[in-house]
């Protein structure tokens with residue numbers, strides 16, 4: 001017999017489905033844009049594709065699993081654990097992709113003349129692969145023992161049951177809060193976020209320093225270059241800000257759960273925090289469309305060619321510098 005779904009759960013499911021319906025097509029469009037436009041093939045956009053892949057997976061995999069967990073089916077402990085781990089993997093992948101983007105932008109303004117020889121497509125691919133491998137290690141750590149199995153087994157045996165525990169599948173029931181706070185948040189979320197803030201502050205400082213230099217007749221190109229870098233850096237810093245704004249509330253709630261077990265957390269706050277984390281996967285394509293000219297032009301080209309059946313001339317691969325990003 002299927003589980004009873006309350007009106008509140010139905011509303012929750014409806015919002016989650018809406019987020020998924022925005023996230024998946026939006027991020028597929030980002031990947032599509034990079035594929036069809038040669039001007040979007042540098043290292044930064046490769047890292048953006050990695051971020052978009054993680055966001056597609058959030059909409060196509062994590063949100064359906066979150067809905068399943070919310071309904072609360074009875075499952076074996078390790079089955080529930082496998083359902084809970086993908087969100088950890090994808091979150092870590094997003095963080096590392098954002099860090100790679102920040103480092104890439106720093107190198108573009110710190111060593112502009114040597115950038116293309118230092119940051120090659122091959123090295124970018126290796127960095128992306130490394131990010132995903134590390135994300136798998138961090139996200140799958142609960143599968144290798146850092147979980148709540150011992151506590152669940154004690155309660156299972158105390159009730160006179162045998163075999164692997166069967167539980168109502170809930171995230172906090174299988175994932176250890178010590179893992180979430182001490183390992184996930186304090187090691188793999190908070191330090192990278194703080195490092196990215198420092199990197200972007202340095203990027204803005206270096207760009208402002210260059211832009212404040214006296215402009216001579218021969219310095220037009222550097223001024224244009226750093227002006228473009230400033231616009232892109234602002235857009236990518238906005239992506240970082242939205243990510244932090246979306247994920248920090250849930251991690252703060254996890255800290256409250258660990259350090260103040262008797263403290264009551266209103267359900268509405270928990271749901272808002274969950275919506276923010278999932279909704280973040282739908283935000284990035286919107287930011288790209290409104291803030292990065294190359295993406296906006298390519299999105300419109302794809303829309304006109306494939307959905308309105310009104311082909312336009314091929315995308316210009318070398319967009320003029322003054323219009324590259326507005």
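Glycine is no exception: its Cβ is also placed from the backbone N, Cα and C atoms.
Keep in mind the model is a prediction, meaning the values are calculated, not measured.
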Hey, in Swiss-Prot do residue 120 and residue 306 share a topological domain, i.e. the same side of the membrane? yes
Per Swiss-Prot, which of 177-201, 202-226 is transmembrane segment? 177-201
Which residues of the chain, 6 or more past the ends of the transmembrane segment (124-146), have a CB below 8 A from one of its CBs? 43, 46-47, 50, 78, 81-82, 84-86, 88-93, 96-97, 100, 104, 174-176, 178-179, 183-184, 188
Which one, from the disulfide-bonded residues 80, 169, has the smallest tally of other C-beta atoms lying within 10 Å of its C-beta? 169
Determine the minimum-neighbour residue: among 148, 159, listed as glycosylation sites, which Cβ has the fewest other Cβ atoms within 10 angstroms? 159
Under DSSP, the topological domain 'Extracellular' (70-80) has how many residues in helix, strand and coil? 6 helix, 3 strand, 2 coil
